[in-house]
Amino acid sequence: MNVIEGGVAAPNAKIAIVISRFNSFINESLLSGAIDTLKRFGQVSEENITVVRCPGAVELPLVAQRVAKTAKYDAIVSLGSVIRGGTPHFDYVCSECNKGLAQVSLEYSIPVAFGVLTVDTIDQAIERAGTKAGNKGAEAALSALEMINVLSQIES
């Protein structure tokens, strides 16, 4: 029986991080966690990491699509945070962001790691951006690294 599992070391990988500016007080912590993880665990050099900023979570799929279309990157890490308000806007933003990023991954056959927080409160966002509940940016970076290695093994 063959088992394919990816490790996280990917020292030659080129990674794009697409990040929303909206709720930047949360997102910058996610970005720090992602970059630290790529460098420490993935052994990815800083010159192989590109950060692309966009206005909000709804714009992340289009930015990710343009990045994927260049074929310069081995994976994309998407980062942002959507905090529930008093209107259905939250549901639309979360749904479209999630579907759009998944579509990019499948359309361009590139890992697009989902590090977009979808939370009810600011406290929940803070917890997931490096305090009690870990750092979801770091977790997304780990996922991207593992997927690079899994896909590489499948193709070899």
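Glycine residues also receive a Cβ, built from the backbone N, Cα and C atoms like all the rest.
What Swiss-Prot records for PHE22, ALA57, VAL58, GLU59, SER81, VAL82, ILE83, PHE114 is 5-amino-6-(D-ribitylamino)uracil binding site, and it gives sequence analysis as the kind of evidence. Neighbours of ILE83 (5-amino-6-(D-ribitylamino)uracil binding site), defined as other CB atoms within 10 A of its CB across all chains, total 17. In this structure, ILE83 (5-amino-6-(D-ribitylamino)uracil binding site) is part of a beta strand by DSSP.
The number of other Cβ atoms within 10 Å of the Cβ belonging to ARG128 ((2S)-2-hydroxy-3-oxobutyl phosphate binding site), over all protein chains shown, comes to 23. The (2S)-2-hydroxy-3-oxobutyl phosphate binding site annotation in Swiss-Prot covers GLY86, THR87, ARG128 and rests on sequence analysis.
DSSP classifies HIS89 (active site, proton donor) as helix under the three-state reduction. Summarising the environment of HIS89 (active site, proton donor), the number of other Cβ atoms within 10 Å of its Cβ, over all protein chains shown, is 12. Summarising the annotation, Swiss-Prot assigns active site, proton donor to HIS89 and lists sequence analysis as the type of evidence.
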C-beta crowding around PHE22 (5-amino-6-(D-ribitylamino)uracil binding site), within 10 angstroms: 17
Top Cα neighbour of ALA57 (5-amino-6-(D-ribitylamino)uracil binding site) in the set of recorded positions THR87, HIS89, ARG128: HIS89
Shortest C-alpha distance to GLY86 ((2S)-2-hydroxy-3-oxobutyl phosphate binding site) - which of the binding-site residues VAL58, GLU59, PHE114: VAL58
Sparsest Cβ surroundings (other CB atoms within 10 Å) among the binding-site residues VAL58, VAL82: VAL58
